[in-house]
Amino acid sequence: MAGAAAALVESLEEQPMNLEAVIGFNGRVPSGLIYHPDGEHVIYPLGSTVVVKNLRKNTQAFLQGHTDRVTCVAISRDGKRIASGQRTSMGFRAPVMVWDFDSAVRNANTIDRTGELIHKLVLHKVMVRDVSFNCDGSFLASLGGEDDNTIVIWDLAAGEAVCGSPAASHAVMTLRWLNTDPLRLVSGGQYNLRKWHLDMERRRIFPAEFMLGTIRRSINCICLDPTDRFLWAGTASGDVIEMNVASERFARASKNRFSKGVTALAFVDGPPGDQDHIVCGNGDGTLVRLSTAHLEITSAVQLLGGVSSISAGSDGHSLFAGTRDGNRYFVDVDAFEPKLRATAHPDPVTCVAYPLRSSALFVTGSTGEVRLWNAVERKELLRIQVPGVVCQCVQIKPDGSLIVSGWQDGRVRAFLPESGRLAYVINDAHVDGVTALSFTHDGSTLVTGGADGRVRVWDVSGSVQVMLVSWKEHKRAVTDVVVSADNDEAVTSSADGSCIVWNLRRSVRQSAIFASTVFRGVRYHPDESQLLTCGSDRKLGYWDTTDGTAIRQLDASSAELLCVDVARDGLSLATAGADKTVRVWLYDEGVPLASGVGHSESVTAVRVSPDGHHVASVGLDGAIMLWTYPELPEGVGQYDDDEEEAGAAAAAAASSEA
């Protein structure tokens, strides 16, 4: 089987990785949570992905194609089409994507994307703020962000722009088509509220100002009644104003003012013989039901986080509400009792860890909290809150009895996984924050690294945590730490461009690695003959554990590599970083096997599950993504020494050509 390794390297092509599930919800997207007319699905943005979730089966489908954070989502009245817009870098145009809902559901949990993307519509600069389908699905209106501030009308049959116009002299925040007229829409924003008419003969849209008299309001959201008699607008001042659509005149304003502004609105039909209602979501987290007869409060409940989305079901008696804290609620409109359906991190996720012997659970850390998740059902099991402090690293004790975390305030906190109760805290573990930690495999010793560059070893076997040794050889922050299988050694990586192997038995430095980079992560190969590093030089480094000499380096990314993890069989590894891509590599061959794109910002951590079936990634966009680990090609790892060297040479040649 001579040359098998080289032949394998030459034959491999990088494949897309299947995104199996996500945990997260970008609650900062206005009206981003949509209840599908079929009553079985919800649609929402997460990073650069639009998620379609089946509520009954608890399955997910993903619409992928955006290159940056999704900023708006809308669905056609018949539920067959989805539109989404994004933001992009200054000087570039942001696209609007139109998707086929049925194709997305059909392709769920596969890498097949056939039939999903209908149109890619590109005109707006920098950002698309809002999108809306007209009542018969023939036109789509899109609204640009503050650097664009134009309204564009798109013909969905042809996939072309019909016309466009500056939205207003001030910023416009939202737009909606009328429910009964396919050629009229309304828009609202900072001190402006307009009704637009689309003239297809002249291919122009013409605005008419709503007459507010002396009232000046900044409009956040708009809803209309089914007959288009009245329009209700939620304002930054905290009230709801009612307008007569036909006469374009002000009718009245709600007497109640709501803290932090009205941020979401939805019209819901009342029972036969009873009055209709407006459901009003506010920045202070209150969800309020207002009667349309007098705009008076009939019911009110408190949600966790400012309300950003309200989407009424087709039955008129239920709705979904989303908040800026990443929570999703189902609400029975008649009883007006919210039920928490899903949770998510609202802030960047900094770290992720699996238990030593289980793939059914994992733990994540973020600003002010640590959460324990069920990896199978993708549900939150436990939330531990430490307000105002960022969790920078987390690990589960080998026997599963503790969740141990390092925090920006310099403390190590250990929690019980069943209750979340604080088991112990190590005060002043490191100046300026604990940035890395790792247990020995018997769980008796904890090795920590800090922003101060110190590495410390703690005896945590008893009721009191005792520092055994403290080293100060790194000149900058410690970025990662990992302990060898026999508990004799620990290796730390640092932003100063060094990795140091420490002898834990003799409490001395054993060897060191130096490079012109900011090391971000380090891992042992399972046989511990090699160390694997990643860093700001975008290279994947292989190093000899004994003397720290370089074995090889691979150009592994177009941007900074922030994290690396090795599968337990040692045949493959996963990397991710500032290029927002999760990539799986063959270890010995040094070639990429598969890659997954779904995050909209840098990926901060990746972990291969203990059973080798998934890789979990977390990022600055607050997303937790679970990818199906790709199957390894036949013959991987089954080489003699000469073949392995040939494969490595082929990989190095391919890397240099790239």
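Cβ atoms here come from the backbone N, Cα and C positions, even for glycine.
TrEMBL: automatically predicted annotations, no manual curation.
Here TrEMBL flags 647-658 as compositional bias 'Low complexity'.
For 636-658, the entry in TrEMBL reads region 'Disordered'.
Beyond its flanks by at least six residues, the repeat 'WD' (342-383) meets 21-25, 27-28, 58, 305, 324-328, 389-396, 398, 400, 403, 405, 415, 417-418, 420, 441, 601, 604-607, 609-611, 613-614, 616-624, 626 of its own chain at Cβ-Cβ distances under 8 Å. The repeat 'WD' annotation in TrEMBL covers 342-383 (among others).
Feature annotation from TrEMBL assigns repeat 'WD' to 427-468 (among others). Through the fold, the repeat 'WD' (427-468) approaches residues 356, 392-393, 395, 397-399, 401, 404-412, 414, 474-483, 485, 487, 490, 492, 494, 496, 500, 502, 504, 507 of its own chain, all at least 6 residues removed from its boundaries and within a Cβ separation under 8 Å.
Model confidence over the repeat 'WD' (471-512) stands at 96, taken as the mean pLDDT rounded to a whole number. The repeat 'WD' annotation in TrEMBL covers 471-512 (among others).
The repeat 'WD' (522-553): residue composition by secondary structure is 0 helix, 19 strand, 13 coil, according to DSSP. Marked as repeat 'WD' by TrEMBL: 522-553 (among others).
Outside the repeat 'WD' (554-585) by six or more residues, the chain places 14, 17, 48, 518, 520-527, 532-536, 538-540, 591-608, 610, 612, 615, 617, 619, 625, 627, 629-630, 632, 636-637, 651-652, 655-656, 658 with a CB less than 8 A from a CB of the stretch. Here TrEMBL flags 554-585 (among others) as repeat 'WD'.
According to TrEMBL, the repeat 'WD' annotation covers 596-627 (among others). Sequence-distant contacts of the repeat 'WD' (596-627) (same chain, six or more residues past either end, CB-CB distance under 8 Å): 16-24, 26, 46-49, 62, 64, 66, 68-70, 326, 344-359, 362, 364, 366, 373, 375, 378, 560, 562-569, 573-578, 580-584.
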